[in-house]
Each structure stands twice: as structure tokens, then as C-alpha cells.
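Pulled from TrEMBL, these are the features on record:
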BINDING   D:THR64, D:ASP139, D:GLU205, D:LYS235, D:ASP239  substrate binding site
BINDING   D:206-208, D:271-276, D:GLU292, D:348-350, D:ASN397, D:HIS404  NAD(+) binding site
DOMAIN    D:240-403  domain 'S-adenosyl-L-homocysteine hydrolase NAD binding'
4 protein chains.
Amino acid sequence: MALSVEKTSSGREYKVKDLSQADFGRLEIELAEVEMPGLMACRAEFGPSKPFAGARISGSLHMTIQTAVLIETLTALGAEVRWCSCNIFSTQDHAAAAIARDSAAVFAWKGETLEEYWWCTERCLDWGEGGGPDLIVDDGGDATLLIHEGVKAEEEYEKTGKVPDPESTDNAEFKIVLTIIRDGIKADPKKYRKMKDRLVGVSEETTTGVKRLYQMQETGTLLFPAINVNDSVTKSKFDNLYGCRHSLPDGLMRATDVMIAGKVAVVCGYGDVGKGCAAALKQAGARVIVTEIDPICALQALMEGLQVLTLEDVVSEADIFVTTTGNKDIIMVDHMRKMKNNAIVCNIGHFDNEIDMHGLETYPGVKRITIKPQTDRWVFPETKTGIIVLAEGRLMNLGCATGHPSFVMSCSFTNQVNMSTNTHVS
Amino acid sequence: MALSVEKTSSGREYKVKDLSQADFGRLEIELAEVEMPGLMACRAEFGPSKPFAGARISGSLHMTIQTAVLIETLTALGAEVRWCSCNIFSTQDHAAAAIARDSAAVFAWKGETLEEYWWCTERCLDWGEGGGPDLIVDDGGDATLLIHEGVKAEEEYEKTGKVPDPESTDNAEFKIVLTIIRDGIKADPKKYRKMKDRLVGVSEETTTGVKRLYQMQETGTLLFPAINVNDSVTKSKFDNLYGCRHSLPDGLMRATDVMIAGKVAVVCGYGDVGKGCAAALKQAGARVIVTEIDPICALQALMEGLQVLTLEDVVSEADIFVTTTGNKDIIMVDHMRKMKNNAIVCNIGHFDNEIDMHGLETYPGVKRITIKPQTDRWVFPETKTGIIVLAEGRLMNLGCATGHPSFVMSCSFTNQVNMSTNTHVS
Amino acid sequence: MALSVEKTSSGREYKVKDLSQADFGRLEIELAEVEMPGLMACRAEFGPSKPFAGARISGSLHMTIQTAVLIETLTALGAEVRWCSCNIFSTQDHAAAAIARDSAAVFAWKGETLEEYWWCTERCLDWGEGGGPDLIVDDGGDATLLIHEGVKAEEEYEKTGKVPDPESTDNAEFKIVLTIIRDGIKADPKKYRKMKDRLVGVSEETTTGVKRLYQMQETGTLLFPAINVNDSVTKSKFDNLYGCRHSLPDGLMRATDVMIAGKVAVVCGYGDVGKGCAAALKQAGARVIVTEIDPICALQALMEGLQVLTLEDVVSEADIFVTTTGNKDIIMVDHMRKMKNNAIVCNIGHFDNEIDMHGLETYPGVKRITIKPQTDRWVFPETKTGIIVLAEGRLMNLGCATGHPSFVMSCSFTNQVNMSTNTHVS
Amino acid sequence: MALSVEKTSSGREYKVKDLSQADFGRLEIELAEVEMPGLMACRAEFGPSKPFAGARISGSLHMTIQTAVLIETLTALGAEVRWCSCNIFSTQDHAAAAIARDSAAVFAWKGETLEEYWWCTERCLDWGEGGGPDLIVDDGGDATLLIHEGVKAEEEYEKTGKVPDPESTDNAEFKIVLTIIRDGIKADPKKYRKMKDRLVGVSEETTTGVKRLYQMQETGTLLFPAINVNDSVTKSKFDNLYGCRHSLPDGLMRATDVMIAGKVAVVCGYGDVGKGCAAALKQAGARVIVTEIDPICALQALMEGLQVLTLEDVVSEADIFVTTTGNKDIIMVDHMRKMKNNAIVCNIGHFDNEIDMHGLETYPGVKRITIKPQTDRWVFPETKTGIIVLAEGRLMNLGCATGHPSFVMSCSFTNQVNMSTNTHVS
């Protein structure tokens, strides 16, 4: 991998797919602004006083059109911004191009490799002289994780002289994280500690990231203040619920063109995301079955007329499977083997470990047929039947469609801006 | 049975439960008038010209508040009216009282025996001198049937001298019909033929009655013109669909107070009535399963996200069963034996032969516990579990609640009035 | 008012409408038990160990069939119970009769006057020797209020010798409360303080009662521990939401038989209760308009496709008005004057002060026509048009129908039992 | 315009965008086959007997993946097929490529000019020697129109020697039709009459085309038998209703990414298509307003809780406008001028004359900004506000998304195959 940073004529760094898409991105950003009254009101209210003047903000959050409006709100309030995506498939390249050209340092493109992904994250955090950002806007906690792992490794190195060993882990992605940190220590053994020292705090966007933070808080390993944006009612009860109600069918339609009416759809998990997904599928005419381990959420599903079963009960009869749990190992390769021909399997939870992609990829004799990017048919050797997996098990609404629509993201992101505003660097 | 006709101070005949409820009936009729713009517009448009002046109209149609507004529309247009209900449980006694006191000859009360029912029907058709009515407003075809059977018997009697023998049939209800006709022949051997001769025609309200008429038409036995009101789009696509969507849950709630949300409900038949019932149950939070023999209707159910199965598939798992087919022998005693404890069984189709009440009543050792009128628990001896049967298998929305609401009946009945107007006696 | 307590053959006190309805009540209680798995599981789990042995529980909570199953669960766990209703219209007389005959001291009937209501409350709390109850199950806080006001008055009396003066207040209902306390002080000047001393605490069922408790807590006037049952997710997110989704249309249908489809319905307030009401009306085919002062709830209404307006915007165009706010003075007589003829006005919030009944009753020249109990038409003199007010502005689902169905009340009441169990008298 | 036909290695003619997309098309065709059980059952049942052996079928119907499965069903039954699209934007180029390479002569690509469109239609009908097709599968009636106009012109030419004059009409599209016919007459003055003579008949897919046919039948100008496929219940009650319920939001999302929840959407027309569109928008959380001139359809809208208004009432307040009427001049430029900034205007009726595109394009000072293909923002000079017009006013579900999904098209197209089968050339 030989990635190199490029620079705009004004000297700002970036790495995007195609800067020539900036005009197209700008047109869609302008449309989105009309749909994002919360952010635009922030600009009107806080723009003149520039509360972020002098502040550096690093964001690790899907680099979409909506995020572009967030970024330009932050810059309108005075901030300097560097950005990367928090998912390898979620970048909209025209959005990245417009921001890179006009407003902030962007390191993101649709279809990154994992190596590229973490390179982008590291670029996003690296402000050169004077340490890292003042604030992090995180979604899923990868930026936060990199700093924490970096600090831990630097302290170990200082004590014992040992650098991190990528071979010490089986986890393919964590190997990459360790490699990046190892290389960083060689260049500057205080890099991540300088970041930590400068950092005022992080605001975390999503359920999964928040869970990570609470775990660190409990174990006393959290290195800086964190703000839970996710649990704002205008985030989790809007973005998770209404956002997914919109973007799940959008992703299904763009990826597969399949008729949802008349299908049997299984929604794994009936939290806010699951409720939005189930509502969307039911309204589109599917018969929805819910799997859920929380008894209260299960009872809510029943009250809405949904059948609650285990995945095993229905694995061979359903047409569409969606994971929304925020937990791992929900749909395993052994489930997938038993599914109907052309059953659709997808995930709309934050991380890609709800679906056992590793098990599928390494299944003996399995054959992958790429219908189009982010839509693969996997054929099992015994049955010759195939299943359709979307976005390689990652967030299907961002991988196969364009994520949540602007209006609901305005609700979410206005929380981000106000959280940041409240904690601005004085 | 010693039923005797009573007379108002003005000399009009009637037989109702309690004339003192007339004031209460009048108050509700006045409320209903506001909700029945179609009928009130008929009064405004046709009232002055009195197209029914001199016409006799006999109606056999649920004697409810809504029907009261229909009757008073007919009288406002100049008609003389006699009325009976077309179901032993469907009369609203305060409506009958108000009409009997103020507007027309009524023979109807809630909870008639079958003998009383047919006595009422015969009274409704009997205008004394000069034969019967000019027009019949029929719902289900019982008035029409009585005339047809009467004419047939009179012709047989004229030819052979034989009067009808009630013992010639096993059908308990038809025994009663034959008895009435036999007694009629003794009094006047041309009674029903005089009715037939005077009659301009019948307008039939409902699917089941229309089916009977088409059968008679095909076999060449239909004795007078008939108008199919049911298939008017403003009847079958409104009354059957939206009416049942309203009155099915109303009947369930009044009869059982059971929570519909979370229940498994089986709707037998997915025609207009079934579509209305399924929509109501689904919206109330039940999981709805449809049984249907018509492939197109079955496919429509699927497109709405409903599961389509056979009754046998679900008989032991469902909580609520509703028959809507217009056919007979849908839920048999053998099904009922297998149901869950306190499963609710009810019918919203026109006739009471969708549910095998005879099989249930004669099941060895079965025990009937009347919770309240029209709500019975039947306990099977083997299992000691019981099922709840509504309205003794008859139209549950009329037996347990008050039938369809005024507004949708205004749509239906305006057809009746206009049909009648179009064919008025000149 | 000369009310006198009656006694069963076993000597237990009661005052109900008609003890002969006990058999009917028992049949419906048995049906309800099948629908209340939570309570029945409590009996199975805690019945043998009798955690309430020796405990006195007083309940002020709608005396319905569902509450009967709660009461008999409390007695199955060993408690002695006295009960009154918390609303003058909410008692189901057959339920009260069955409980009075078989299980507990009941003082409740449908259609109490306010004097009778408070007499019942006082009877419910009075256990004779040894002070009052160990636990109170309260719904709306009237039992709690009576004790607090009683203690306050007794302390004042002890200090100054002054008894409460009913004429000191304009509030008609509070006059009655003061009268009862005054009469109590004369009989026993330590009555309410003895109650307070014995009392372990209260568990409060509903939002409004909880609000009162928090206010007392803030001002330091709360005299005993209180448990907030309302905010249990299995109460407020089930009972308030799904319960009202069921019982609002039930009440509308029983009271008015009006077709909901095609109507314009205004739901004042979009909290849990309002969400349930709006869902029910929308699903039944009404066009629903929401009034809401909380911006987040208002935005949720919008996301569900509901129009959000002020009451003034729509007062003259809507057909149905429902108050769900938990606040007072929502629909004033000045609104009612502007409504369409036969607009329906009702309240499903806990207290009857959401609708300005006082303003309506005292409106010059207004005429009240009682269609049937709990359904009144009020005609304004200027316009001669009338509005239909349900349950005299009190909880229409309990006044006009039978309240929430058993299954959802099982969720609520299981909280009550477990709260009580957790705090049982050792 | 210098279009030239290309040939496959086997000599079959075609003209498509990019034959290299054939593999991609084939993959999606294989997915669609699983979703089109009706067509696959036709292949299984009729394939062996080859009822179309020797028959030439010309189709003018959106050249999508679903149509590809139809075409290959026709060829599996023995037919030779030539195909064009019936809309300039509806072709899926990978579908066209796969069919052109593997199965039939295709003349279609996404984004044809009108000249190209009619060139394709003419190519589709031209089978060289021996006249035209035996059967036409028409959608909207353009192939049928071309033959009728051709025959008319040839007869005129034979009589008077006059060829059609494109300048005789103001209609831009009809100019092109006349040009093609004129040029055809020069080459072969009996071309269209030979077509007519050979033709067994046409089966017409859609409402609009059927209307044209009935008009020709009434005026006695219909030259050959026509079968009305549209009115099959498995077409109009499925494709129009459930198809649009799926593809309308799909088109909106792909074109604009706009959040539908919370928007005010106007659906012009409440026939089957309008019902599907309104259902989709309502379920997605929009507030839906219907405009409708048919009183029964309007009343149905009301029964579903939709507001019925005129377009003028809401033109300045709504966010989304969809025309579904099948009539012309529904949304005029004068309406568009009054709309909110970024209001979305689109059509899902068959023809592009529901929206006044001509008025918009020629509005003085109007500015067109193409966001992306089929998504244009038109800015009015006075207000500087813009509206978003989809697919240039043509069928937005086919222009901006991929049309109806496979399953429902299987229902429609199975009618086509069976109609054709029933009338096959012996």
C-alpha cells in the first residue's frame, strides 16, 4: 500500500476518489441544506460568534452528503476540520470531493480496503505539529480506539522497549491497527499521548460506540471525556428509528430490486433500529418475524402484530434477513447454508460482525458471484443454491444506498454541533 | 307462540320490545341523520316531489338506527312502509320503538326466536287488502324467499290439494317457513300470488341475497324483477369493506373486552368483508392469518403481508376466528374442539351457517355457559377447555354491537333509495 | 347523603350497586384470568409463600374486572384488601359485586356522586383499630391526598384548635375533601396520623399521580415512601400506549356509534397516551391532527405523517377531539362554542380538568340532552348546534367502555404486585 | 441522426448502449427468474409444445430486466422476437444487452431522443420481407399508433399522391412520427398495410393504451383485434397498485434521497396507481393529500384518512407532487411557479403530458440545473426558488429507478403470455 496525501491549491490535504465530482457533490449539498434546518439554524445562531475559532475537530463518520453539511457547519462556526469515514463502503465520493475541495481535509472513498480505512483514520487524527485534534466526532469509536491503543502501546514501549506485534492477534483488522501504531511509535513515541493531552473530548454518535465507551469507563481506561450523543432522544429515537425505516428499503431496492410485498422478512433485534426496519418492511407488505432476546422488546413486537421466533425456527423459510442487534454472531454460516435460494442477508447494525462473513468466505467450496458492487451471490457447493449478501455484511443502507436522509440526520448532527459548542475550546 | 300485533294511537300496526324506548331511539336517530348525508340529500332532492306517493314498501333489513333513517327517508318520499329485521339479533329496540311510534309498521326486536322471526317477516309482507307491497327492500333474501315458497306451495295446492308439510324437511328453520305458508294457504290460497302480482320488484342489499337471486334467475324461477344493490361500488366496496373494518372490532370489544393486540387472528375469506376484517385486526395489533380458496384474493392477502394458510394449519394456535366467506360449513365442531382455551369464534357473513352451531350444540357432553347475551362459552367435556362463540354464530357486529356505523350505511342506503326511486310506481 | 356500609355473611364490609351481579362478575373474572398471565404467574410463584400475610392493602383504582384479578392476586399472596375506585364512572358493577362477595371490602359503583366518591375513599382507608393500611395502591393519588390533607388538618387542629373549613375553597371537590376530614377530626383527631404511622408506602399507578408525588417530594411534604409504577416500561409504554390504542375507539364506538373513518380527529397531546390514541384513530381511517407543546413529541407526530397544529387552527373543522395531556384547561368552553354540530369531545387523561366542564355547564342558555348515560349532547343557544361530550369529561374509556383490556393491565398490575412484594411487611 | 443497426455474430439485429453489459444483465435476469414464478411456469407448461413456433412478436414495452424474462419466455415458447422500449428513459441497458446478445432483436437504450425512440419503434416493427409481426405486445399503444398512422398515410398517398407533412402539426413528437412514415412511404408505399394484413392482433398492457384502443374501436378506426391485458385483475389490481406502492418511493429515494417522513405529499388521482402511491407515501410517514375528480375514488381516499383537496389549495405548501391520473395537463407551469423551494414534481402515469414540461421549459428566464440524469432543478427567475422535476416528467419509477419489481411484473406478464398463447398463429 502506497497511499499518498494530495493537496488542494490552497495547501489543504486530502485523499478522495475523484476531485472532479466536487461540482456534483456541491449541488447535492445545496439540496441537503434545505432539508437540514437544524444545522442551518446552528449556522445562523452560532456562526457570527464563531465558538470554534481556533479549534481543531477530527471526525470519523460516514463521509456522506449529510455529513458534508455537518462539516461545513463546524467550519462555519470557526473550526478547522479533518475527516475520515467510519465504514469502508459508506463514503459518497461526490460529497468527499466537494468537502476536500472547498472546506476540510478529507480522507475517504467508497470501497476502501481495511488498510486504507485505518490509514485514513490515522490521517484524520494527525494534525502535525502540536498534537492532535481538540475534539473528536466519532461514530462507532474507531478514532477513539486508535488513540487508546496508541497510548497503551507507547506506555508499554516506554517501559519495556517493546513495540506492538501485529502477529500477536488473529483478528485481521486489529493486525492493521497494531501495524499503524507500531509504525507511529517508530516515528514519534509520544504521538498518541500528545493527542490525548490536547484532546478536550469526544462526542460519540452511535449505540455501539457508546457501549465501548461505557466499558472503558467501567474499567477505568477511558482517557478523556466523552459525550453520548446517541442517547439524545433526537438521535436514537429519530435517526435509528425513522432513519432506518427510510434507508433499509432504500438499500434493499437499490441492491436487489426485489419486491418486498409478499415476502417473509426476519428482523434480528427489536431495538430502535429494529423497530424502524420492521415498520418499513411491514408497511411495504412483507410478513415480518422478529428475533429478540429482550423480553420487553419482544412483547412490543407482539403488540405490533409481529411474530417473535428464533432464527432457527424460520431460517429455511424466510426471504429477507436483516440484523439490527449491535451484537455479534447473529447470522452464522450454518444458518446461511439452510436458507432458501436467493434469500437476502444484510446488516444495518453499526459493525460488520453480526453476519458471519468470515465463516461464509472460508466455507469449503463456496462460490462468490458479484452481481454488482455490494451485491454478491454466494453459492453453496452442496445445494447449488445461493444467498444474496449485501455490502459484504456491513451497513447495507450506507453500502447499497446513501444512508439516512438529510432531515433525520439534521436532528442527529445538530446534537453533535451543540455538544461540541457546549464544550468548545476557550 | 301467541304473538299479537299491537296498534299505535293512529292505528298503525307494530310489535316491538318496548315502545317507551322511542324517545331514546329518536335522539339517536337525530344523531344518525347528521352522519347520513346521502339519505338526507335524498330527502332534500326528492322529498318535495314524493315519488313514492301511494307506494307500499316492505323491508326485511336489520332494524337499526341507520335503517330508521332509511325508513324515514322512504316515508319522506311518500311511501307507506312496513318493516321487519333480517336477523334475530340485529334489531336495536330503541330504533324499532321510535319508528313504530312515529313512522312505519315495525315487527322486530332483539332476540327473536326463529318462529317469531318468520312471523315478523310475514307480518311485514302482509298489507291486508289488495295484496302485498309494491317494492321489497330485502337483505339476504328472506322476504323474497317467503313469497317464492308461498307461490310454489299455492300452485301445488291448486293442482293437487296438498298443503306444505313441515315434517318434509330436516331443516329446523325451513320447517317454520312451511308452517307459516301452510297456515296462510288455509286462510287465503292466493295470498302469495296476489303479492307477486302487485310487486314491482325487489332491491337486494347483500352478497348472499344476490347469490340466491342469480341462482333463481338461472333456473328460471325468479318471479319478479330484482335489483342488485350489493354490487354498487358505493355498497360492496364501502359497506362491506369499511363497515366491517369498523364493526368487527366493535363487536369483539363489546362482547369480550379482549385485547386484540398480540393475538393471532384467523380471517376465513378475503373478499370485501374479509379485507375489512383483516385490516381492522392487523391495525389493532393482531397477527392475521387468512384462509382463502380464491387464488387472486389469496395473492392479495400475501401482498398485504398476511399469511395464507388452511384452517387446519392454525386451528389450535389462533386466538380469534372470524368467518366472512358467504359460504357454509367453514368452522366445524371438529375444528372448535381443537382450539385453544377461550378462543373466540364468530361470524360476520350474512347467514349463520358458516359456523357449525348445530354440531356444537349437539356435541355430546358440551356445556354452554352464557357470559352475557350473545356471548357464550362452550366447554368441551374431554378437555374442559372452552371456546367463546359470539351471537350464536350469527352476524356478530349486529348481534354484539350495533352494526355498521351511520356514515357508511348512508352510502349503502342511498343506493336503495335511488334504486327504488328509479323504479317507482307510476 | 346517608350512605351505610353493608356486610357479607362473613362480616366483610362493602358498598356496591348490586351484589346479585356477582355471578356475572365471576364469569368475566375467570375470562380475564386467562388473559392476565403476569398476575397468574405471580400467584403461582408467590402464592405459596404468602409474602403479604398479615398485610393490609388499600387500593384506590378503577374497580374493573381487571382490577378484580389484581385484588385476588393480592389476597392470594396473603393480603387483606379494601378497595375503592379512583373515578366516579369507572367501576364495573359486576366486578365490584364479585369481589365484595368473595374476596375483599369494596366501596365502589358506576356513577358515584363526588360526595359518594370521597366517602368510598375514606371507607377504603379506614381499617378500624390499629390505624390504616400497610400499603396503598393508588391511581391518581386521591388516597394519598386524603391522608396528606388529613394529617395537615390534624396538625393544624392540634396547634390551633381550628378544624378545616369547607367554605375556605371555591373548588367544589375540595370542599368535600375538607368536609370529610373535618368530620374525621371530630371523631378521632389522630386518625390520619395513625394511618401515616402505619403506612409502609404507596405505589402510584399513573402519570398524573406521579407528578403530584414528585411535587410533594420537592416541597418536602411527602409523608411516606412512594413507588413510581407508572414509569416502568411495562406500564407507561404498554398500558398508556397499547391500552389507549384499544380503549379509545372502544369508548367512541360504544358511546356514539360514530364512523371513525373519514373523520378529522384532533388529539391534544402526543405523549404515550396521545401516541396510542392517534395510532388508533389513524388506523381506523380518521385524519388525525395533533396539538402538542413539546417540540420533540411534535416532531415525532410529524414523522408519523400527522399534522401538528394548534387547537384554534382546527376547532371549527374537526369532528372528534380527545384530550390526553395530563394538564388542565385544554379544551375550553370558548373552543366548544366554535365546533361543528355534533363534534365529539372527550378526555382520556386521568383527571377531568382537561375539558372545561365547569365553563360548559355554566354557559348561559346551554342545554344538556342526555342521549344515554355518559353521552350528552350540549346545545349552545346562539347556534342551536350541539357537541357530544363523553363521560362528563372524565376518562372516556372507563366511563363509556370498560377501560383497557386485560392483557395490557396484566403488564401494569404485575408491576404493582411486584413492587408491593418487594416491600412487603416483615 | 445517423443510427445504424448492428448485428450479433449470429446475424441478429440490435442497437443497444453497450453490449459488454450483457454478462451483468444475465446475472440480474437469473435473479429475476426466481422472482417471476408465473413466467417460469409458462415456460414449464408451454415450452415443450412451442405454441409460438413460427410466430413473429414485436414488443414495445419498457426494456427492463423483467421484460427480458418475458421476452425469453416468448422465445422459449417458440417465438421470434423484436423489441423496443415504450419510454425514452425506461431501458435498463444491461438488460437490453443481454437480450440482444442472447435472445432477440433489441432496439433500446436509456436516454433516447424522441427521434431515436421512434426509429427504435419502427425497427422493432420491421421484420423485412413478408410484412411485420404476427403479434404486438404494446404498452401505451405507440407501436399500434405507428401502424395506424402509417396505414392512413399510405391510403392517402395512394389516393392523392400526398405524403405526410411533418410541418402540419405543432406537436413535436408527432412531427417525428410523420417523418418516419413519410420516409417509409417513399421506400415502400405498402409497408404498413402489409404489416396490418399479417397482424393477428395486439395485446395492450396499460390503462392509457387501452383508452386509445377503445376510442379507436368507438370511431371504427381500429384496424386489428386488440386484447386488453390491463384490466385483468392480476394486472391492474396488482401491477398498478402494488407495483407503484413499491416503485414510487424507490424512484423518489434514488432521485433525491429526500426523507419522505414528515413531508406533505400530493397525489393527483386516486385510481389503482394513485392508491398504490398514496399508500406508499403514507406508510413512509408523509401526510398525503389527494386530488381527485371522481367522487367515489375521492370518498375512498377519505375513508383511508387522506385529505382530498384541489391542487390549487395546496400547491404552495406541499413538498412532493405525484401525478397518476392518466390524463393530461394536471400540473401546469403556473402551479410550479407557486411551489415551495425544492418541491419535488414527478409523474408515474404512462405518458409525459400530465406535467406541463413544455410550459416549464419555455418559461421566460427559467434555469435548468441538472443535478444528475433524470433529476433536474428548475429555478424561476422571479423567486430564485427551484423545483425538482424527475425524469423530465416521464414515468419516474422507470426513469429514476428500475420500474416495478419482478414479482408483480410476473403477474402482469403472465397475462401477456397467456393472451398471446390463446391467440397463437396456427
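Cβ atoms here come from the backbone N, Cα and C positions, even for glycine.
Structure with TrEMBL features highlighted.
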{"residue": "D:THR64", "record": "substrate binding site", "contacts (Cβ under 8 Å, 6+ apart)": "D:SER90, D:THR91, D:GLN92, D:ALA95, D:LEU398, D:THR402, D:GLY403"}
{"residue": "D:ASP139", "record": "substrate binding site", "contacts (Cβ under 8 Å, 6+ apart)": "D:SER60, D:LEU61, D:HIS62, D:CYS86, D:GLU204, D:GLU205, D:THR206, D:GLY209, D:HIS350"}
{"residue": "D:LYS235", "record": "substrate binding site", "contacts (Cβ under 8 Å, 6+ apart)": "D:GLU205, D:VAL229, D:CYS411, D:SER412, D:ASN415"}
{"residue": "D:ASP239", "record": "substrate binding site", "contacts (Cβ under 8 Å, 6+ apart)": "D:HIS404, D:VAL408, D:MET409, D:CYS411, D:SER412"}
{"residue": "D:ASP272", "record": "NAD(+) binding site", "contacts (Cβ under 8 Å, 6+ apart)": "D:SER236, D:LYS237, D:ASN240, D:LEU241, D:CYS244"}
{"residue": "D:GLY274", "record": "NAD(+) binding site", "contacts (Cβ under 8 Å, 6+ apart)": "D:VAL267, D:CYS268, D:VAL290, D:GLU292, D:CYS297, D:THR324, D:THR325"}
{"residue": "D:ILE348", "record": "NAD(+) binding site", "contacts (Cβ under 8 Å, 6+ apart)": "D:CYS244, D:SER247, D:LEU248, D:GLY251, D:VAL273, D:CYS277, D:VAL322, D:THR323, D:THR324, D:LEU395, D:MET396, D:ASN397"}
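Long-range Cβ contacts of D:THR208 (NAD(+) binding site) within its own chain (separation 6+, distance under 8 Å): D:GLY140, D:GLY141, D:GLY326, D:GLY349, D:HIS350, D:PHE351. For the substrate site listed in the record, the two most distant Cα atoms among D:THR64, D:ASP139, D:GLU205, D:LYS235, D:ASP239 lie 17 Å apart. Annotation note: D:HIS350 (NAD(+) binding site) sits in a coil segment as assigned by DSSP.
In this model, the domain 'S-adenosyl-L-homocysteine hydrolase NAD binding' (D:240-403) carries an average pLDDT of 97. Residues within less than 8 Å, Cβ to Cβ, of D:GLY276 (NAD(+) binding site) and separated from it by at least 6 positions along the same chain comprise D:ASN240, D:LEU241, D:TYR242, D:GLY243, D:CYS244, D:ARG245, D:LEU248.
A coil conformation is recorded for D:THR64 (substrate binding site) in the three-state DSSP classification, outside any helix or strand. Neighbour density at the Cβ, taken as the number of other Cβ atoms within 10 Å, is lowest among the binding-site residues D:HIS350, D:HIS404 for D:HIS350. When other Cβ atoms within 10 Å of the Cβ of D:THR206 (NAD(+) binding site) are tallied across all protein chains shown, the result is 26. Around the Cβ of D:GLU205 (substrate binding site), 28 further Cβ atoms fall within 10 Å across all displayed protein chains. Reduced to three states, the DSSP call for D:GLY276 (NAD(+) binding site) is helix.
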